[in-house]
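Asks: Quick one: this structure, given as structure tokens, is what I'll be asking you about.
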Amino acid sequence: MEGFIATGLIGISLGSQYTLLALGFTLIFGILGVVNFAHGGFYVMGGYVAYYCTSMLGLSYPVALLIAVGSTAMLGWLFETLILERVIEDHQATLMVTMGFYLVMATAILMIFGAESPEFSFPIAGVWRAGGVYFPYANMVVLGVCLAAIVLVYWLVYRTNLGRAMRAMAEDRAVASALGMRTKVLFPFAFALATGLAGLTGALVTPILALAPHVGDPVLAFSFLTVILGGLGSVTGATVAAFIVGLVEAYAAVYLGGSKGALTLFVLVLIILVIRPQGLLGKEVRRA
Amino acid sequence: MASGFGRLLGGTLLASLVFGGTAFACELKIGSPAVLSGPAAQWGLALRGALEFVAKETMAEERLVIDGTPCTVTPVVIDSKYTAEGAASAMNALAAEGIKVVVGAVGSPEVTGMKPVANRNRMVAMVNSFAKDAIGPQWPNVFHIGPGPSGWAAPIIDKGLELYDFDKVAIVAPNDQGGTDIASVNAQIFTEKGVTAVEEYYQRGTTNFAPIVTRLLAADPGAVDLASSPAGDAGIIVKQLRQAGFTGPIFRLGGPGTEEIGRVAGGLNVLQDFLWFEPVAMDDNLRALEQKHVELMGGPRPENSDFFRWVYAARMMIKAVQAAQTVDDSEKIAEAMRALPVDDEHIGAGHWIGQSFFGINQELSYPFAIGVIQGGEQKDFIRAEAVSEG
């Protein structure tokens with residue numbers, strides 16, 4: 001029984017990390033209609049900015065976290081305004097542009113910091129234990145930040161005029177623009193919010209796991225999987241799917257093994273998508 | 001008409017200069033499919049660093065002279081991404097450049113992918129890989145830079161059993177050839193030593209190992225072996241093992257990279273009790289080699305100590321090319337290699353082995369070392385003699 005509970009905690013911990021990543025990914029698709037293949041790059045950048053601030057500049061970790069969020073949000077804003085905005089109506093072009101931007105980011109990080117992992121540890125190192133059940137304090141912090149991020153994103157998207165405007169743009173860009181909503185302000189804001197979330201996740205999670213230029217690849221794959229499962233563009237769907245993916249991954253890996261566990265997860269996602277091609281909570285047609 | 005003749009004459013002159021120039025030049029291009037990205041990048045960086053160093057050393061000291069002409073040596077290194085398809089693609093690109101001499105790759109999946117390309121394009125290669133079929137009679141021009149765990153795991157396990165009390169080990173590795181071949185050999189050797197071994201595999205690309213760690217610990221092992229898990233992965237596994245409360249010794253019978261594992265895990269205190277295969281025992285000769293690297297390359301050697309093995313391999317390849325007196329006849333180079341004594345001015349002498357394990361006597365064997373961290377403190381390397389057959 002202890003093993004079952006411990007596995008559940010691991011699943012929740014994984015789910016919270018996936019939620020933070022998936023929220024940004026799904027926001028970008030939901031509002032801009034762009035599948036952001038550079039999402040993993042912003043995650044890695046967040047990690048390296050936090051690492052640079054703490055290890056090279058000697059700043060405290062919370063300050064480094066804020067700088068990581070700010071710098072990834074700023075880069076996201078610039079990227080959307082200067083590059084993505086020019087091709088936003090062409091879905092294939094946005095795929096190529098975001099993928100290309102990811103490669104540029106990953107290569108730049110590789111050139112600056114090298115291919116090897118630096119020493120970058122979470123400032124809180126202890127582990128809570130109760131018999132055979134354990135939960136690292138660092139994971140508790142991530143879970144707390146994840147819950148706060150979910151609340152913040154929901155509040156912003158569903159309870160503010162800014163959120164209403166963004167949802168209106170997502171519903172019908174032409175009509176929303178005709179009503180006076182400003183695409184050139186709202187789109188970069190949404191993109192910056194999402195990339196800031198990715199940067200926050202990178203700054204929080206890489207010291208718990210590992211920091212290296214390539215760690216954005218699996219992050220992109222899992223974000224994509226989670227968001228497809230939840231329904232592209234659905235914030236609620238992404239949150240629910242992230243915790244499903246985390247729990248299935250944990251239980252399948254513990255009880256079936258690493259190889260079969262990964263297989264189980266992908267087969268389950270495949271079955272769900274055969275039954276509900278639009279994902280768990282996605283809409284069948286996206287109009288904007 | 002006159003200007004057409006002039007152009008023809010000019011072209012002929014230019015062509016004769018170009019082709020005449022290459023006829024007398026001597027350039028050895030050493031190709032290398034090396035992992036330069038991903039969690040195993042540290043191994044590839046060691047390979048690339050060794051090739052660049054040996055190339056510069058060869059030219060600076062005129063170690064390669066063919067028909068009285070000192071040769072230039074140019075390493076051509078392509079990222080093989082630690083995959084079979086990446087290595088095959090890199091080898092095809094090297095073959096397209098006319099390269100016949102190859103040093104690398106590092107990992108089993110890469111070597112599996114590159115060997116057919118090497119055969120097809122008549123290349124001679126010096127590879128790593130701890131796979132059970134790293135070399136063999138079907139690849140007569142492929143040589144092996146040193147034994148895998150079949151050669152050196154036993155003395156490291158003996159040392160572990162001397163220092164710690166355990167009768168069960170959990171072995172964890174990626175679920176591809178780069179993991180399963182090594183883990184299964186390690187399991188066999190642990191079993192021969194009277195230790196029960198359980199094997200657990202994970203999907204390459206996994207970033208959070210907490211579920212795998214939970215499964216490992218459910219087997220109640222007294223020790224864990226990380227086998228050939230890349231350094232980045234191994235560091236996370238160690239960190240999460242200690243978080244889960246595991247206090248036993250951890251082996252890494254799969255390759256060097258302890259520095260990076262320590263950095264990812266959070267320091268030597270987290271590694272706590274750790275034993276690994278170290279390619280060389282550091283001594284004055286090797287410190288002289290490190291100093292030579294600083295002088296020639298203007299900086300310290302690559303961090304991963306696989307650098308020394310690749311220096312050994314690249315120097316052997318240069319000696320074989322020198323003995324064969326050709327930079328592009330792979331058959332002659334391979335033949336010359338087989339006749340060379342296994343020896344290196346800094347690392348020491350050894351012998352050719354491989355007949356009993358691979359069916360072909362084309363594996364270099366030279367002294368290696370056992371690395372030990374005990375109670376969070378790194379001990380001096382323990383020197384082990386070159387493995388021999390018979």
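A Cβ is built for glycine as well, from the same backbone N, Cα and C atoms used for every other residue.
I grabbed these lines from TrEMBL:
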type     : residues  : note
TRANSMEM : A:20-39   : transmembrane segment
TRANSMEM : A:59-83   : transmembrane segment
TRANSMEM : A:95-114  : transmembrane segment
TRANSMEM : A:134-157 : transmembrane segment
TRANSMEM : A:185-210 : transmembrane segment
TRANSMEM : A:222-245 : transmembrane segment
TRANSMEM : A:252-275 : transmembrane segment
Asks: Look at every Cβ pair spanning the transmembrane segment (A:185-210) and the transmembrane segment (A:20-39), keep those 6 or more apart in sequence, and say whether at least 3 of them are under 8 Å.
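Replies: Touching, yes - the transmembrane segment (A:185-210) and the transmembrane segment (A:20-39) meet the threshold of 3 or more Cβ pairs under 8 Å.
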Asks: Please work out whether the transmembrane segment (A:222-245) lies in contact with the transmembrane segment (A:95-114), by counting C-beta pairs under 8 angstroms that are 6 or more apart in sequence and asking whether there are at least 3.
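Replies: Stretch pair does not touch.
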Asks: Could you check whether the transmembrane segment (A:134-157) and the transmembrane segment (A:59-83) come into contact, where contact means at least 3 Cβ pairs under 8 Å with the two residues of each pair 6 or more apart in sequence?
Replies: no
